[in-house]
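TrEMBL annotations:
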DOMAIN    14-406  domain 'Major facilitator superfamily (MFS) profile'
TRANSMEM  55-72  transmembrane segment
TRANSMEM  79-97  transmembrane segment
TRANSMEM  103-127  transmembrane segment
TRANSMEM  139-163  transmembrane segment
TRANSMEM  169-186  transmembrane segment
TRANSMEM  219-237  transmembrane segment
TRANSMEM  257-277  transmembrane segment
TRANSMEM  284-302  transmembrane segment
TRANSMEM  308-330  transmembrane segment
TRANSMEM  342-361  transmembrane segment
TRANSMEM  381-400  transmembrane segment
């Protein structure tokens, strides 16, 4: 209750708004997807050229996520955010000003670079400015705000299509109010976010550097791999859902409404993350993996029942938005303060790897288990995989906890 009162303080609330506003544009590369047919028609492009406008930002994004820790260390977090958001705004509207395809393509590369610069900071700044309980709540909000931002920008871009194919790119002007909110609301000095053993408040860097292990824990790399697997499963289910539904009802099926419902359920998961974490702490990882397994089992065994398939599908987003903020929330305990941006980048790279490898992972899995002409069977194997991972985590956690209790205490 005290934590919520502290968060309700207007100054803290404005700081949260300033930091969370960054996440409105971290998935903005997809905002112009609806305009692609118009772009192809107006510029006389082939399909591969049009699709490249959406995919090419991902490469620059992944590269800059990797180096964002180094950049922010050299020039500071605030300047990195300002430059990154500025690049997004300036390069995002270039297609509105020109019909030159090579120039548009280059602008999209820089757009991805700008997003890559701010992606990890959108997460690590929360841990830097807020105490643990509030940080957990805000990390859940951040996951939801990413999806709200994507939905909002896509909707506005759709309305602007009525003007011209170039007008939708004006959505990137949202970077102007984001820059204003960040610079006006987020103080230059980091907030006090933790307590030492005597109950005295210490700032974020001191708190994170006081951890027993001053090195990066190998658990960080495990979390990155786990997130890659979970995201690959999540994307794969989205990709296959419409065709599985079509196979059940025997005709083309519009999956868009249920895609929207799934995103709404995912947003609810993000919003409730703070409450779930307060109740379950680390056990939330078992709960999330269990929900992933249940969702996969339902989809794999939906057979000819469309309602069962839909239920399993819309469930998948909820645990993803519980476990992804949990991964970020664990990082302050797994690495020192000066490594937080780097380890956040490692987790984000795990997300991107999951997106990239999804089609190949599904093809390989189908071949290994001899799956043919059945798009849903593969999810049985993912369900068992998540249950096995949950058991391995539980066993490992039990032995580490037992060994820690047996260790002699030093005076």
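Each Cβ is built from the backbone N, Cα and C atoms, and glycine gets one as well.
Please treat TrEMBL annotations as automatic predictions, because they have not gone through curation.
By the Cβ criterion (under 8 Å, sequence separation of 6 or more), the transmembrane segment (381-400) is not in contact with the transmembrane segment (308-330), since fewer than 3 such pairs are found. Sequence-remote contacts of a segment are chain residues at least 6 beyond its ends whose Cβ falls under 8 Å from one of its Cβ atoms, and for the transmembrane segment (103-127) they are 19, 22-23, 25-26, 28-29, 52-53, 56-66, 68-69, 71-72, 77, 80-81, 83-88, 91-92, 94-95, 135, 138-139, 142, 172, 186, 193, 204, 208, 328-329, 331-332, 340-342, 344-345, 347-348. Note: the stretches the transmembrane segment (139-163) and the transmembrane segment (284-302) are not in contact (fewer than 3 CB pairs below 8 A, sequence gap of 6 or more). Two recorded stretches are said to be in contact when at least 3 C-beta pairs lie under 8 angstroms, sequence spacing 6 or more; the transmembrane segment (284-302) and the transmembrane segment (169-186) fall short of this definition. Highest Cβ contact count with the transmembrane segment (219-237) among the listed stretches 169-186, 257-277, 308-330, 342-361 falls to 342-361 (criterion: pairs under 8 Å).
For the transmembrane segment (308-330), same-chain residues at least 6 beyond its ends with a Cβ under 8 Å from one of its own Cβ atoms are 123, 126-127, 135-136, 139-140, 142-144, 219, 223, 226-227, 230-231, 233-234, 237, 241, 244-245, 248, 258, 261-263, 265-270, 272-273, 276-277, 282, 284-285, 287-289, 291-292, 294-299, 301-302, 344, 347, 351, 376.
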